[in-house]
Amino acid sequence: MTKQKLLLNGTFSLILIVACEAQQLPRSHAASSSGPLCEKEAESWGNLLSSERLDAWICSLIGSFMVGLSGIFPLLVIPFETGAALRSEAGSRRLKQLLSFAIGGLLGNVFLHLLPEAWAYTCSAAAGEGQSFQQQKLLGLWVIIGFLTFLALEKIFLEKEEEECPGVGCDYKAPLGKIPNGSGYPPSKVAGKSQRAEKNSTQCNGSSLQSCRTDNRIKISGYLNLLANTIDNFTHGLAVAASFLVSRKVGFLTTMAILLHEIPHEVGDFAILLRAGFDRWSAAKMQLSTALGGIVGACFAICAQSPKGAGETVAWILPFTSGGFLYIALVNVVPDLLEEKNPWNSLQQILLLCTGITVMVLLAHN
């Protein structure tokens, strides 16, 4: 899984490098073609490092880092067990309740925050009605591209996981793949599978059962969620920096609004990481690492030297991220909830899902 994590991080870094190079290419070409343009380029760099810009740099980086720190907030509010406790009846029920809230938060984040913001930009940037309609169709296309990208990534890495431990002689693999229902696994079935697993522990492709269990301990859905969060934090960094470019007051208000929106969202993301196999501290550290996306986004917005330049980037990143969040919520998390057989637990999960959406509605109106 380390190679997979490095590949995901490398992919995102490559996207950022290409985006930065694409923005700097026209400037460098103009600078090499004539002397006056070269002087304008030097003047623009001087403006970038002026005292006003320096204030925007400092405030934007601090604001983006504060937004990233919200990733460790779930440690303060979720006294959640890990390891074997997740496979118990009570632990499974609590995890599914958190996952229900996470689905509501993700759906509310997509349809009440990300897509409306991208829609508002396309409407304001369009010159005519025909152009506005074309940009709105492009917005929907980016949502589909984001969904399919996350589908392709999971298919690629899922095949590699199955090759590492195909399960020949590993009877214990079946119960490891899913969270038990609210009623728990029947004790006799679990005991029987455990005995067969011990008997065949040395027959899993020449390696022990413990090594197979370790290889599949972290699900790819956890890394996909981290990738989506990194891109989401990149857009937050763009918004924070663009606001500080307008004024310090607007920047502080924007930072506070994003923080209020991120807290319930991070709680849901934390539950998804626990479901993927991370322990509490590893999940918090991985959530904190996504703050780098916000810092990169803030630097990108300030180097664009205008809120409009940041807005053009947001116009396609927001719907792309929305597609990724939709994939995580509907494909990776919802199937676990559909396995619930207890009617009372199912009702609780639906109520918590609605609670997550309600929280996002309240934050969207503030």
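Cβ atoms here come from the backbone N, Cα and C positions, even for glycine.
Residues or ranges marked as topological domain 'Lumenal' by Swiss-Prot: 1-5 (among others).
According to Swiss-Prot, the feature transmembrane segment maps to 6-26 (among others).
Per Swiss-Prot, topological domain 'Cytoplasmic' is recorded for 27-57 (among others), and the stated evidence type is sequence analysis.
Under the heading transmembrane segment, Swiss-Prot lists 58-78 (among others), citing sequence analysis as support.
Annotation source Swiss-Prot lists topological domain 'Lumenal' at 79-97 (among others).
According to Swiss-Prot, the transmembrane segment annotation covers 98-118 (among others), on the basis of sequence analysis. Residues 78, 80, 139, 143, 232, 235, 261, 264-265, 267-272, 274-275, 314-315, 318-319, 321-322, 325-326, 328-329, 333-334, 336-337, 348-350, 352-361, 363-364 of the same chain sit 6 or more residues outside the transmembrane segment (98-118) yet have a Cβ under 8 Å from a Cβ within it.
Sequence annotations record features per position, and here Swiss-Prot assigns topological domain 'Cytoplasmic' to 119-137 (among others).
Here Swiss-Prot flags 138-158 (among others) as transmembrane segment. Under 8 Å from some Cβ of the transmembrane segment (138-158) lie the Cβ atoms of residues 4, 8, 115, 118-119, 122, 220-221, 223-224, 227-228, 315-316, 319-324, 326-328, 331-332, all in the same chain and six or more residues away from its ends.
Residues or ranges marked as topological domain 'Lumenal' in Swiss-Prot (evidence: sequence analysis): 159-225 (among others).
The region 'Disordered' annotation in Swiss-Prot covers 183-205.
Marked as transmembrane segment by Swiss-Prot: 226-246 (among others). A Cβ distance under 8 Å defines the sequence-distant neighbours of the transmembrane segment (226-246), meaning residues of its chain 6+ beyond its ends; these are 8, 11-12, 16, 55-56, 59-60, 63-64, 67-68, 71, 114, 150, 153, 253-255, 258, 262, 269, 273, 286-287, 289-302, 306-307, 310-311, 313-314, 317-318, 320-321, 324-325, 328.
Note on the topological domain 'Cytoplasmic' (247-282): residues 55-56, 59-60, 63, 66-67, 70-71, 73-75, 77-78, 80, 82-83, 86, 95, 98-99, 101-106, 109, 113, 179, 217-223, 225-226, 229, 236, 239-240, 328, 332-333, 336, 356, 359-360, 363-364, 366 of its chain, located 6 or more positions outside it, place their CB under 8 angstroms from a CB of the stretch. The topological domain 'Cytoplasmic' feature in Swiss-Prot is assigned to 247-282 (among others).
DSSP places the residues of the motif 'XEXPHE-motif' (261-266) in helix, strand and coil in these numbers: 6 helix, 0 strand, 0 coil. Residues annotated as motif 'XEXPHE-motif' in Swiss-Prot: 261-266.
Beyond its flanks by at least six residues, the transmembrane segment (283-303) meets 12, 16, 19-20, 23, 48, 53, 56-57, 60-61, 63-65, 67-69, 71-72, 74-75, 222, 226, 229-238, 240-242, 245, 266, 269-270, 273-274, 309-310, 313 of its own chain at Cβ-Cβ distances under 8 Å. The annotation transmembrane segment is assigned in Swiss-Prot to 283-303 (among others).
Summarised as a single figure, the pLDDT of the topological domain 'Lumenal' (304-313) averages 63. The annotation topological domain 'Lumenal' is assigned in Swiss-Prot to 304-313 (among others).
Residues or ranges marked as transmembrane segment in Swiss-Prot (evidence: sequence analysis): 314-334 (among others).
Assigned with DSSP, the residues of the topological domain 'Cytoplasmic' (335-343) fall into helix, strand and coil as follows: 5 helix, 0 strand, 4 coil.
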